[in-house]
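Chemist: Sharing a structure here in C-alpha cells format.
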Ligand SMILES: NC(=O)C1=CN([C@@H]2O[C@H](COP(=O)(O)OP(=O)(O)OC[C@H]3O[C@@H](n4cnc5c(N)ncnc54)[C@H](OP(=O)(O)O)[C@@H]3O)[C@@H](O)[C@H]2O)[C@@H](O)CC1
Ligand SMILES: Nc1ncnc2c1ncn2[C@@H]1O[C@H](COP(=O)(O)OP(=O)(O)O)[C@@H](O)[C@H]1O
Ligand SMILES: [K+]
C-alpha cells in the first residue's frame, strides 16, 4: 500500500488528497453504521494517524462529539502534520482513562507502516478499549502483508481500507480482527496497480477459466485421472475419485493395492474403473495424465516410491496426505509434483513450521519443490513456484470435517486432467470447493461436496 501511495503520488495525485479521501471514506462508513456518540480518535504519528485527524474533523462537522488522543505528534512537514494542524477540536491524553469515556473508538494508530510489535502505552490503551472499534486500514498491530498480529491488535467491528484488500484482511488472525471490511475507492488510478505489480491476489473466477468440453469432445479429451487407493482407508480414494469426476475428468481409475481392496472399491460408484494391474502398468499408459497420490495411503517408503515413479514418468501429480507425510523433513521427495495440498500439520512436517509469515513460507515451499503449494486452512494460500500468491477466502467452517481435503485434491486433479495449468487448477479447486460448501452449509459431510459441484459448475459456466 505504501508502494501504491508512492506510485499514485508519482503519478500526480498529492498525498494530502489521498489522505482526505481516505478519511472521508472512513467517516462515511462510520456515519452509515453508528449513531452520533462520543468518539475518540486514537492517532499515531504517521499517515494512518493523518487519516484519523481527517475522520475527526469530518465527524465533528457532522455534529458528532469527537476527541483526538495522539500517541505522538506527526513529524513536521508531513501530510499528517498538515491535517493535524487543521484539527481544532478537543485533544485528550492517550490513556486508558480517555478510552473509558468513549462510546466509539477510531483506531488510527498504525496502518501499513507498522514497523515493530505494538507494545507499551499503545498496547495498553488499545487493549483497554471496550467500545466498538473502527480500524483505519487495519486494526493497529495486524501486519497487512501476513495477517499476523505483531505484539497486540484490537478487535475491530469495522475496518475501512483503501484501494485494494491486503493479505492481512484475508488471512487469520488478522481477518478475524478486522470485523466487517469496507474497501473504499480513494481515487487511485488503475495504472497504479500495474505500477506496483502485485504478487498476491484474492481468489476469484477472474483469475482462471474453467474448462468446458467442446461439442466434439470425448472422454479421452477430458482427461484420465488415476487415484492410488490404500488397503485400509478406501473411503479417501473414493472421495478423491468422486470429486475428480464431478470436476470434469473424462475417465477415472482407482488403483487397488490388492484383490480384497479392489472388490471393496468395485462395490462403489459404477462409473469408476478399478485396476489391480499395478502402478507400473498404469504409468505405461500416457493417456492417464493426472495422478492423485496420498489420500488413504500410509506415510511409508512404498508411498514415497510410488510418488517418485509417477513424477518421473512425467505425470501431473497431486500429492496429499500420506504422500506428504512420507516426505517428512524431506521436501525434495515432492519435487516435480504439480500440486501439493498440505494442511498446516503436513506443511510443518515437510517444510518446518510456517511461522507468522505464511505467504512467505508457502512461496518458499513452492520455489523449493517446483510445485504449486496449497497451504490449506480457513484461509488457504495457493503459492506458485514463481512467487505468485492467491488467498482463498470463501471457505466456510463447515469444511472443518474429515475427508474434505481429499475432495479438494480430487477437484484439482479433475481440472488438471482437462488441461488447466497447476496454479489455475489449484486456485479454481479451492474456490469451487468453498462455493460448494456454502451451498451445503450446516451438516456438511465430505461426501456432499462432489454432488454439489455440478450446481456450482453450472452457475460458473453460465456466467
Ligand atoms: N498508501 C496509500 O495509498 C494511502 C495510505 N494512507 C494511510 O497511510 C497509512 C500508512 O502510513 P505510514 O506509511 O505513514 O505508516 P503508519 O502506519 O502511519 O505508521 C508509521 C509510523 O508509526 C510508527 N510505528 C510503526 N509501528 C510502530 C510500533 N509498533 N510502535 C511504535 N511506533 C510505530 C513509525 O515509526 P518508525 O517505524 O518510523 O520508527 C511511523 O512513525 C496507511 O495505513 C493508510 O492509513 C492514506 O492516508 C491514503 C492513501
Ligand atoms: N475452519 C475452516 N474454514 C474453512 N475451511 C476449512 C476450515 N477447516 C478446514 N477447512 C478446509 O477443509 C479442508 C480440510 O482438509 P484436510 O485437513 O486435509 O482434511 P482431510 O485430511 O480430513 O481431508 C481443506 O480444504 C481446508 O481448507
Ligand atoms: K489502524
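The first residue you see is number 1, and the count goes up from there.
Glycine is no exception: its Cβ is also placed from the backbone N, Cα and C atoms.
Because TrEMBL annotations are produced automatically, they should be read as predictions rather than curated entries.
The structure displayed is predicted, hence computed values, not measured ones.
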Chemist: Pick from 345, 405, 410, 414: which one does TrEMBL list with 376, 377, 378, 379, 380 for the same AMP site?
Modeler: 405
Chemist: For the K(+) site that TrEMBL describes with 48, 107, which of these is also annotated: 95, 98, 115, 140?
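Modeler: Site partner of 48, 107 for K(+), according to TrEMBL: 140.
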Chemist: Which chain neighbours of the AMP site, leaving out 376, 377, 378, 379, 380, 405, have a Cβ atom within 8 Å of the mean position of the site's Cβ atoms?
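Modeler: Apart from the listed residues, the neighbours are 343, 374, 375, 381, 392, 395.
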Chemist: Please check the binding-site residues 47, 115, 377, 380 against ligand 3 and give me the ones with CB under 6 A, sequence order.
Modeler: none
Chemist: If H, G and I count as helix, E and B as strand, and all else as coil, what does DSSP give for residue 377 (AMP binding site)?
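Modeler: In three-state terms, residue 377 (AMP binding site) counts as coil.
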Chemist: Looking at the binding-site residues 47, 343, 405, which have a C-beta within less than 6 Å of some atom in ligand 2?
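Modeler: Only 343, 405 meet the Cβ criterion.
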Chemist: Across the domain 'YjeF C-terminal' (202-460), what does the pLDDT come to on average, as a whole number?
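Modeler: Mean pLDDT, the domain 'YjeF C-terminal' (202-460): 97.
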Chemist: Tell me the Cβ neighbour count for residue 405 (AMP binding site), meaning other Cβ atoms within 10 Å of its Cβ, over all protein chains shown.
Modeler: 25
Chemist: Taking a cut-off of under 6 Å between Cβ and any atom of ligand 1, tell me which of the binding-site residues 377, 378, 379 pass.
Modeler: none
Chemist: Among the binding-site residues 112, 378, which residue has the fewest other Cβ atoms within 10 Å of its own Cβ?
Modeler: 378
